[in-house]
C-alpha cells in the first residue's frame, strides 16, 4: 500500500514536471477573459436596451416565437426552440432572472458550454500520452523492468490522471469565477435556479420543477462535468495503451470527441449514435432541462452509457497493459 | 556448479512473434560473480532474449529463474535482484538526474537518499546530477542508466550493447567499471556483437545466432576452438613461403578462406596467413632466419565473430 502511494506520487510529480498542467492553466487564462469580455458586451447592450430584465426575457421569447413561425427552419430545431420558450416563460412567471449577470452565473454557463468539447480536449492533453508517451521515449522499459507489478504501474497512472482531471475541473471553476467576478461581481451564490424540467416531445413538463440555490446547482453541475471528463480521461488512457504513438492516440480521441459533438448538433436521425460515448458527454444539459441531442436519451441513459464505456475502457487498458510485449 | 551459485537460469526459452519463431529453445546460466557475455550479430535475437529476462516480453515457452524466482510467476521477487539497461539508457529528459534516480528509488524497496548519493558517486556524476537529463551527453546518460540499475543493490546487472555509441575512452572506462563491479560480487550479463569486446570483458560467453544458442563456454576455450591464425611478413616473400611449408606443419590459408579483421591485415601488408601449432612459432622463426629470410613481422590473429560462427555451423555460409 505504501509502495502504491509512492508510485502515485511518482506519476503525479512526473506529470507536474512535464508542465502540461501549466499549459492548460495558461490556455484557461487566455480563453476565460475572452469569454468574459464577450459576455460583458452582451450585458452592456442589454442594459442599454432594457431597463428591466423582464423586458429582456420577453424580447427573447418574442424573437424565438417569430423564428418559429418561419417555414425555413427545420422541425428538429423548432422543437428545441419551443422548449426553450416554455422554460423562459417559466422563469418569467416565477419572477426569476435566468441569466442575471454575476460571477457564478457566468461560471455555470461557461462550464455548461465547455463540457462537450473544450474540457475533453484539455483532458486529452493530459491523458493521451500517459502510456504511449513512455513508449515513444523508451522510458517504459525503465518503468516495467522494476520489481513492480504492471497493474500497479497502470493504476498509479490512472490515479494521477484522476487527480489532474479533478484539479482541472476545480481550477477551471475557480478561474472562471475569479476572472468573471472582476467584471460581474462575485455574488450570485444564492440565486434561485429551476431544475427538473422534463421533456415530452416538444412540451415541457414542469410538474417536477423545483428551485435550487445556484451554489447547489453549481455543485451538481461540477460533479456531472467531472463524471464526463473522467470518462474521456479513462478512454484516453485506454487508447494510449493500445496505440504506440502519442500523435495517433491524440488524433483518435479528438476525432471521436469531435464526431460526437457533430452528431449531437445534427440531432441525428441515426438513432444508434446515442450509444456512442461522445454523444453522451453533455450531462449538465439534463440538469438544465434542454432536450437531449437524440431521441430516446435521458439522464440515466447517458450515465449508464458513459459508465459502460468507462468500465470497458478500464478492463481493456488493464488486461492489455499487463500482458502486452514491449517490443520497441 | 551448485544451484545456489546460479544467479540466472534460462531453460528452453522460446518466443514466437506473430507466428514467427524468433527464439529457439535457448538455455544458459549465469553464475554468481561472473561476467557473462551474450554474443551475436545484429538481429540474432539478443535483445528479444534480454527483454524476456527482464519481463518486458512474455516467453512463449521455457523458464527464466533469477535467484531461484520464476520471472513469470514471481516477477516482483525475481526482478528485485536485477538491474538493467535495455538498449539505450532512456530516462526522463525533463527531470534532473537526481529526480530520475529518486523516481526509480520509489519503485524499489529500501533505497534511501544515502544509497542514491552512493550510486551517483560510483558512476561519478556528482557534479551534474542536479541538471536536467536532456542536457546530458550519451556517456553521461549511460552512466546515469548504470546508476539507476545499481540502485536496488542487484545481484545481476544486465547491460545491452553497453559500448554502443561510446568513444574509445568511454569504452575503456566502461570495461574498468564492469571489472570493478564484478570484483564486488555482482554478476554481469553483457550483450555485444563484437567478439573483441566480449573477449576483453567477459569470463564466459553464450553465442547466439538466428535465435539459437550455438555454444556456451569460457571465452578462451571458444576462441581456441576456432583456431588462431599466424600471420607472417617475410622478405623475400616467395622463398619464405617455400620454407614455411617445409616440414608440413604449416598450412597456408588463401585470401578467400580466412576472415581476419581488416585492421589487422592493414598493419601487415603482404602478410602470409597460415595455421600452425602455436608452440612451433619460435622454432620456425629461427629456422627462417637461419636460411637468410628476414622476418619482418609475426602476428597471432584471433578469428572474427564470423569465423567463430563459421566453425560452429560447420562451414555453412553466413550470408
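Each Cβ is built from the backbone N, Cα and C atoms, and glycine gets one as well.
Residues or ranges marked as transmembrane segment by TrEMBL: A:21-40 (among others). Residues 15, 101, 106, 110, 118, 122, 125-126, 164, 167-168, 171-172, 175-176, 179-180, 182-184 of the same chain sit 6 or more residues outside the transmembrane segment (A:21-40) yet have a Cβ under 8 Å from a Cβ within it.
The annotation transmembrane segment is assigned in TrEMBL to A:114-133 (among others). Listed as Cβ neighbours of the transmembrane segment (A:114-133) (distance under 8 Å, sequence separation of 6 or more from its ends, same chain) are residues 15, 20-21, 23-24, 27, 31, 140, 154, 157, 161, 164-165, 168-169, 172, 224-225, 228-229, 232-233, 236-237, 239-241, 243-246, 248-250, 253-254, 257-258, 260-261, 264, 278, 281-284, 321.
Annotation source TrEMBL lists transmembrane segment at A:154-180 (among others). Taking Cβ pairs closer than 8 Å, the transmembrane segment (A:154-180) reaches residues 4, 7-8, 10-12, 14-15, 21, 24-25, 28-29, 32-33, 36, 39, 103-104, 106-107, 110-111, 114, 119, 122-123, 126-127, 130-131, 186, 218, 222, 225-226, 229-230, 233-234, 237, 241, 314, 317-318, 321-322 in its own chain, all 6 or more past its ends.
Here TrEMBL flags A:223-243 (among others) as transmembrane segment.
Annotation source TrEMBL lists transmembrane segment at A:250-270 (among others).
Outside the transmembrane segment (A:299-321) by six or more residues, the chain places 131, 150-151, 153-154, 158, 227-228, 230-231, 234-235, 237-238, 241-242, 274-275, 277, 280-281, 283, 286, 292 with a CB less than 8 A from a CB of the stretch. Residues or ranges marked as transmembrane segment in TrEMBL: A:299-321 (among others).
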